[in-house]
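Data first, discussion second: the structure below is written as structure tokens.
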Amino acid sequence: MALRKAFEKAVVKRLMTYVPFDVLLSDGLDSSLVAAVAVRHLTGTEAARRWGTKLHCFYVGLEGSPDLKAAKEVAEYLGTLHHEFHFTV
């Protein structure tokens with residue numbers, strides 16, 4: 001429980017900002033957890049009043065990759081605004 005509280009406190013601290021922010025999503029647990037905590041705590045913050053209550057999540061990577069599919073699923077589940085930037089190799 002102490003780890004969860006420390007993690008949430010760290011994410012919430014970063015929501016106290018006067019500039020727009022977002023979360024970079026991958027198929028990893030870390031970015032998904034950051035996004036989930038941010039979504040839960042965004043409402044009522046100065047950031048939400050300035051830029052809206054919908055968190056913007058971004059995916060940067062290869063089109064058709066498993067990471068992209070996972071990032072889309074997380075964004076859809078959390079109800080965030082999902083943006084993608086693709087590159088080729």
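Numbers here mean position along the shown chain, with the first residue as 1.
Including glycine, each Cβ sits where the backbone N, Cα and C put it.
Where the annotation comes from TrEMBL, it is an automatic prediction and has not been curated.
These numbers come from a predicted model, not from an experiment.
For 3-88, the entry in TrEMBL reads domain 'Asparagine synthetase'.
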Checked against DSSP, the composition of the domain 'Asparagine synthetase' (3-88) is 46 helix, 16 strand, 24 coil
Give the mean pLDDT for the domain 'Asparagine synthetase' (3-88) on the 0 to 100 scale.
91
